[in-house]
Amino acid sequence: MDRETHEFGPRQSGSFGRASSANSSLRRRSSNLSSIQHLVDDDVESESVSEAGDIGDRALYSHRYSESGRHRFSFDNVTEIAVVVPIQEDTAVNTASPIPASTLQTISPLSTDAIHPSKDKKKEHEKEGPGLLKYGQCLLSLAIFGILGVLARYALEKLFGPQVVGATSDQNYMYPDLPSNMVGSFLMGWFGVVFKDDIAKVSDELAIGLSTGFLGSLTTFSGWNQKMLDLSHEGRWVFAFLGILIGFLLAASSIVFGIHTAKGFKWLLIRLDTSSNGVISRCTSIRNLHKQHCPLTGLVVMLLTLGILLSSFGILAKRKFNNDSSEAQLFLACIIGPLGVWIRWFLARFNGRGGSLKWIPFGTLTANILAACIMAALATLKKTVDTKNFDTVASALQFGLLGCLSTVSTFIAEFHKMMQSKHPWMAYAYASITIGISFILGTLIYSVPSWAKGYH
């Protein structure tokens, strides 16, 4: 009897040892899955925050303007493919282990398909690339809406300027482009955040034209930066600091207000409609009708519209060039503005790229800093050359090309998305990098030469 007891003791001890080992293995596996889940979530979030404003022509590779093709990792995907883990049959394990054998036998390994899409899906996704017709429609839409954005920015600048309302001034921290930056950021909350997917269900060209073309051209980062450089050049450093701070805070508040009002309006539309599915189905039917019957017709109409606009502005610019420099600047700006929109749109394809720094929207960052530097260089040349004709052309380049190349609406949309993420510090880092580098380089390009040569 004692012999049987002594034999049972080691066997029971070994059984409990195997149970403890299995329990520990399960905990390690669960911990590994949790850490991988956390890393993948952070990676996806870093990519999504930098793509909140614009992704350029990459948007055309999907049937939706939103990023429907992204595959996220989840534990649901892990449990889809299960394998059997061999467990030695032992009565002691079954009775002593707190973990059921069925649970141990269905532990799923980490499937790579949960993280990376299959090769077949990648090939299928790559075959959905846009054709020349799609590209042409988007470029024309960007150009037309970009011209409308330039006109709207000019109108708001005149409306709130010293001659009408008197709320803004070149000599004040309430800079002339502040109203357009606020209005553009507010509308970005509507058409670039809340209703972006709904508009894309009707037309990708319309969604891209509104957010990237119109709102991107209505707002301008380079103009804002240059006005602050002018203030600092004149020794008004406090006004320059207040202009940067107030301009940023008002734009950030405007997009929040726009998002809240747009959500309320969308809720009201759904309540008035029979169901939200009714709206979606109508949008889908309109999109299908547009794709089947209107692609070439829409291209021709937009091409004619752009041709008429450019011809009209060209005639008006030639007529006003020697008489009214301000109107000539506007007409020339409308002619060259679309080029700035196109450059910014192509640069936006680099948003969401950059490895560990993919949370930085390098496309938007490059466009804003590049435009700010060229704007400062032209401002320096205007002081050096100092002729009426050169001033007219340079001012048109600043207002049109560089005003459309840089953007506040997209910049603020990306900042807002970062603020809503798990790492809000990214928003402040991104804003500091954009504003800081632009102002420092602008000071070196514009203010330092002006101080050295005594320009006023």
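Yeah, the Cβs are placed from backbone N, Cα and C, and that goes for glycine too.
According to TrEMBL:
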{"type": "COMPBIAS", "residues": "18-35", "note": "compositional bias 'Low complexity'"}
{"type": "REGION", "residues": "1-51", "note": "region 'Disordered'"}
{"type": "TRANSMEM", "residues": "132-156", "note": "transmembrane segment"}
{"type": "TRANSMEM", "residues": "178-195", "note": "transmembrane segment"}
{"type": "TRANSMEM", "residues": "237-259", "note": "transmembrane segment"}
{"type": "TRANSMEM", "residues": "296-316", "note": "transmembrane segment"}
{"type": "TRANSMEM", "residues": "328-347", "note": "transmembrane segment"}
{"type": "TRANSMEM", "residues": "359-381", "note": "transmembrane segment"}
{"type": "TRANSMEM", "residues": "393-413", "note": "transmembrane segment"}
{"type": "TRANSMEM", "residues": "425-448", "note": "transmembrane segment"}
Long-range environment of the transmembrane segment (425-448) - Cβ separation under 8 angstroms, sequence gap at least 6: 46, 49, 221-222, 225-226, 228-229, 232-233, 244, 248, 359-361, 365, 368-369, 372-373, 375-377, 379-380, 411, 414-416, 418-419
Highest-contact recorded stretch vs the transmembrane segment (393-413), from 178-195, 237-259, 328-347, 359-381, CB pairs under 8 Å: 328-347
Intrachain neighbours beyond the transmembrane segment (178-195), with Cβ under 8 angstroms and 6 or more residues off its ends: 52-53, 149, 152-153, 156-157, 159-160, 167-168, 207, 210-211, 215-216, 218-220, 224, 246-247, 250-252, 254-263, 266, 408-410, 412-413, 416
